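**Q** Dumping what TrEMBL says about this protein:
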DOMAIN    57-346  domain 'Aminotransferase class V'
MOD_RES   K230  N6-(pyridoxal phosphate)lysine
BINDING   R375  substrate binding site
Amino acid sequence: MRLRLIFRHRGVIPQALTNLTAVQGLRPLHVTPSTMADKKLFTPGPLGTSMSVKQAMLRDLGSRDVEFISLVKYIRTKLCKIAGVPQSEFTAVPMQGSGTYGVESVFQTACPRKGANVLCIENGAYGKRLGKICDVMGVKYRVLSFPENEFVDPVAVQKALKGDRSITMVAMVHCETSSGVFNPVVEVGQLVKHELPGSVFFVDAMSSFGAVPLDLMRGHVDFLVSSANKCLEGVPGFAYVIARISELNKCKGNSRSLSLDVFDQYENLEKTSQFRFTPPTHAMLAFSQALRELDSEGGVAGRSARYSENCELLKAGMKEMGFKEFLEPKHKGYIITSFRFPQHPNFNFNTFYTKLNEKDQVIYPGKVLNADCFRIGNIGHLFPADMKHLLACVREVCKDMGMPLPLT
Ligand SMILES: *Cc1c(COP(=O)(O)O)cnc(C)c1O
């Protein structure tokens, strides 16, 4: 009925289309965006994006088009600026795929085929993934673990480095998105270069880049990875590596993977301004719009301020309802917050999740191993009004589930 009305309005005879969609069991896709609101994503990703970012994708661009070439140049330049690094020493290399593809591409590229020995520092699921990648690649590695509710401890890292002089790379996560902990990247980086000056320091800053200031220069970071659809609020489709050129130049021929070779990708971009394989043209159009929106928000400082405000509202509102945070207050992360399951006998995460989802509020199960938690993210295209609305929905859902507030 609704479809017919819309089509009639546009003066289109709907018969052929409705027949087709009846056969396929589908609704015409072009009707969906105007008739359905987006859900709000309070998750670690994929994340919500602005309408203008989505609209920037409504074009086709050829990869050899001068416009696309200058777009790639703009994005690479801008990423170095956001990272606060000089382009004389660093370069930004976009890699097709999700964030993990970017992380894996750095291991492939920066680990020599012979003699590589990686120290993977972890205090959560994303840190553990670093070790898993080395394992699958068949690269020698060791995991240095910390509790999920604690920071990475630089003193313990230093001890590990002193104990094994054959380490060629140290890898760690900046914001451990499984709990929300911010790790002391600069302190660790300084120790890494002090203990093993010849080693490579690699940071997965997926969920923090662009919203949490990080001094790459002071932290001696050689490689950093993030992706288009985290704090920079583009659409998913590619990751990017911020690489120290002097280190990247040592990496020719290392990669055991053709598509994940950052050096080769870099060399091609520099020489021909072209990606080696089909570039994510639409995602890059969206990303350049997202970068303009970052600028108009006041850059990293502006984004950090909005996310901090989102997070403070969330934490205060949840506390008022009696929800307990997984992390102690000394943790000042403002990307994602883990909450313990309430003790009330009526609480069931699936019901809680589903009822929120029915109100278009999407939260996320926990990813910590040692406690039952759920997570609420506050990054992406989310604003204080969205956080307040989410809190009102949580309140209603608790009432629905027969859990009187405040929880005890
Ligand atoms: C989101 C995230 C990833 C993984 O990104 P994908 O896009 O899912 O591959 C890796 N590390 C951290 C810290 C993240 O937050």
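Just so you know, glycine gets a Cβ as well, placed from its N, Cα and C.
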**Q** Of all the recorded positions given, K230, R375, which has the fewest Cβ neighbours within 10 Å once its own Cβ is left out?
**A** R375
**Q** Taking just the CA atoms, what is the gap between the residue listed as 'substrate binding site' and the residue listed as 'N6-(pyridoxal phosphate)lysine' in Å?
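**A** Given the Cα positions, the residue listed as 'substrate binding site' is 16 Å from the residue listed as 'N6-(pyridoxal phosphate)lysine'.
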**Q** On the three-state reduction of DSSP, what should I expect for R375 (substrate binding site)?
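**A** R375 (substrate binding site) sits in a strand per DSSP.
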**Q** Tell me, by DSSP, whether the residue listed as 'N6-(pyridoxal phosphate)lysine' is helix, strand or coil?
**A** coil
